[in-house]
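Q: Take a look at the following structure, please.
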Amino acid sequence: GAPGAAAAAPAEVRLYRRRWAVLLLFSSYSLCNAFQWIQYGSINNVFVRFYDVSAFAIDWLSMSYMLTYIPLLFPVAWLLDKRGLRFIALAGSALNAMGAWVKVGSMKPHLFPVTVLGQVICALAQVFILGMPSRIASVWFGSREVSTACSIAVFGNQLGIAVGFLVPPVLIPNVEDVEKLAYHISIMFFMTAGVASALFILVILVFKEKPPNPPSRAQASIQSRPAAEYSYVQSILRLLRNANFLLLMVTYGLNVGCFYALSTLLNRMVIHHYPGEEVNAGRIGLTIILSGIVGALISGIWLDRTKTYKQTTLVVYIMSLVGMIVYTFTLSLGHLWVVFVTAGTLGFFMTGYLPLGFEFAAELTYPESEGTSSGLLNVSAQIFGIAFTIIQGQIMGRFGTKAGNLFLCSFLFLGTIMTAFIKADLRRQQAN
């Protein structure tokens with residue numbers, strides 16, 4: 001990239017080609033970790049029979065990711081500030097590979113506790129991954145490409161979920177013979193462990209802490225600040241006193257929490273209205289994720305070109321609400337293709353909102369650490385996700401799927417109103 005003199009900072013501003021290798025590598029091990037999150041849920045019935053446990057026990061393998069994140073956010077965000085990006089990348093990719101190899105040792109029906117241990121280690125890895133996209137984008141990318149970079153980083157995680165919906169049913173057929181089942185499961189576990197290990201080695205070789213020169217004036221200003229001036233506790237307190245960020249934290253949690261609940265309960269909704277369509281239920285989930293990936297990339301490119309953070313966030317939120325309402329009232333019409341279309345449209349806006357939230361938070365909270373602001377958004381999403389999943393599941397059991405989805409619509413409406421009150425205080429743009 002072309003170097004330019006930074007007026008407000010002593011360091012020369014410059015872009016390096018390595019930034020794309022760092023971003024691609026992060027997206028890859030994030031993909032691998034997200035795949036391990038959903039690999040049990042996408043063939044829930046197969047693992048229930050293999051390990052001879054309840055469906056609820058298999059569900060908890062996925063829920064462990066949400067529960068682990070909440071208490072560990074602050075320690076990991078502190079480590080990110082104290083030890084830096086490379087340390088966090090090494091820890092995340094190492095734990096991801098370790099968890100995958102532990103699962104390799106759980107290939108017999110009586111070894112369910114071993115697979116639980118492997119999944120918990122992968123859940124620990126996720127804490128070192130989920131809050132990284134906006135931090136990597138800010139540290140390595142220029143002001144005109146930072147939102148696109150954040151979208152690509154989020155894209156890896158979403159693509160991993162999509163692969164998790166698609167690959168396990170192909171690799172592991174639902175056969176009666178337990179020995180054959182163990183063989184097919186071992187193929188998936190060994191492949192995952194091999195990929196995770198290769199990515200860990202690449203992180204050791206390729207992933208750098210930061211470029212020799214900062215990529216933007218905003219980042220140059222942060223890097224020139226004396227370390228003694230920074231206090232992690234004070235940073236969190238400043239974030240919690242930032243009214244615009246608090247509004248965004250709640251609205252982000254409401255939107256993404258609805259997405260988590262919808263994804264978790266999708267199979268139940270589709271099977272209720274379309275009995276025997278388990279395969280298509282998985283394909284609908286895949287459609288939601290893939291359309292969301294497109295939405296995330298488009299929203300990132302749009303932000304880099306227009307810098308209209310508040311307006312774009314509000315429009316995407318409104319469209320998420322409209323999409324949820326349309327999905328709610330078309331689910332029971334009896335036409336599966338309609339569900340594919342409405343679910344895909346909903347996914348486009350709901351998942352497209354993910355990088356928007358991260359980048360809007362980075363703007364509202366500059367010069368605070370992006371890892372801390374993103375982490376707080378994720379904690380809000382995990383808390384609302386667990387609550388919405390449990391409550392919507394109960395409502396669906398008693399009053400049907402329409403009532404459960406209307407429950408989510410009401411909170412998306414509340415989130416839309418709250419988003420309108422966020423003031424677009426774009427501090428990072430002002431610094432640039």
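Note that Cβ sites are derived from N, Cα and C of the backbone, with glycine treated the same way.
Owing to the predicted nature of the structure, the values given are computational and were not obtained by experimental measurement.
As annotated in TrEMBL:
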DOMAIN    22-427  domain 'Major facilitator superfamily (MFS) profile'
TRANSMEM  20-40  transmembrane segment
TRANSMEM  60-80  transmembrane segment
TRANSMEM  87-104  transmembrane segment
TRANSMEM  110-131  transmembrane segment
TRANSMEM  152-171  transmembrane segment
TRANSMEM  183-207  transmembrane segment
TRANSMEM  245-263  transmembrane segment
TRANSMEM  283-302  transmembrane segment
TRANSMEM  314-330  transmembrane segment
TRANSMEM  336-356  transmembrane segment
TRANSMEM  376-397  transmembrane segment
TRANSMEM  403-422  transmembrane segment
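Could you place these features in context, so I can see how deep they sit and what lies close by?
A: Outside the transmembrane segment (20-40), and at least 6 residues removed from its termini, the chain residues within Cβ reach (under 8 Å) are 47, 58, 61-62, 65, 89, 92-93, 96, 99-100, 103, 119, 122-123, 125-126, 129, 132-133, 136-137, 140-141, 149, 152-153, 155-161, 163-165, 167-168, 188, 192, 195-196, 199-200, 202-203, 206-208.
Using a Cβ-Cβ cut-off under 8 Å and counting only residues 6 or more beyond its ends in the same chain, the transmembrane segment (152-171) has close neighbours at 23, 26-39, 41-43, 129-130, 132-134, 136-137, 184, 187-188, 191, 279, 282-283, 285-286, 289-290, 292-293, 296-297, 300, 351, 354-355, 358.
Tertiary proximity for the transmembrane segment (183-207) is limited to same-chain residues at least six positions away from its ends with a CB under 8 Å from its CB atoms, namely 18, 21-22, 25-26, 28-29, 32, 35-36, 39, 50, 85-86, 89-90, 93-94, 96-97, 99-101, 103-104, 106-107, 167-168, 171-173, 175.
Within its own chain, the transmembrane segment (314-330) is flanked in space by residues 251, 255, 258, 295, 299, 338-339, 342-343, 345-346, 348-350, 352-353, 356, 402, 405-406, 408-409, 412-413, 415-416, 419-420, which lie at least six positions past its ends and keep a Cβ under 8 Å from the stretch.
If you look at the transmembrane segment (376-397), the same-chain residues 6 or more away from its ends with a CB under 8 A from one of its CBs are 63, 66-67, 69-70, 73, 130-131, 239, 245, 248-250, 252-254, 256-261, 264-265, 268-269, 272, 357-358, 361, 403-405, 407-408, 411.
Remote same-chain residues near the transmembrane segment (403-422) are listed as 244, 247-248, 250-251, 254-255, 257-258, 261-262, 265, 269, 310, 313-314, 317-318, 320-321, 324-325, 327-328, 331, 360, 364, 384, 388, 391-393, 395-396 (criterion: CB distance under 8 Å, separation of at least six residues from the stretch ends).
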Q: If you count every Cβ pair below 8 Å, which range out of 60-80, 110-131, 336-356 shares the most with the transmembrane segment (245-263)?
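A: Against the transmembrane segment (245-263), the leading stretch is 336-356.
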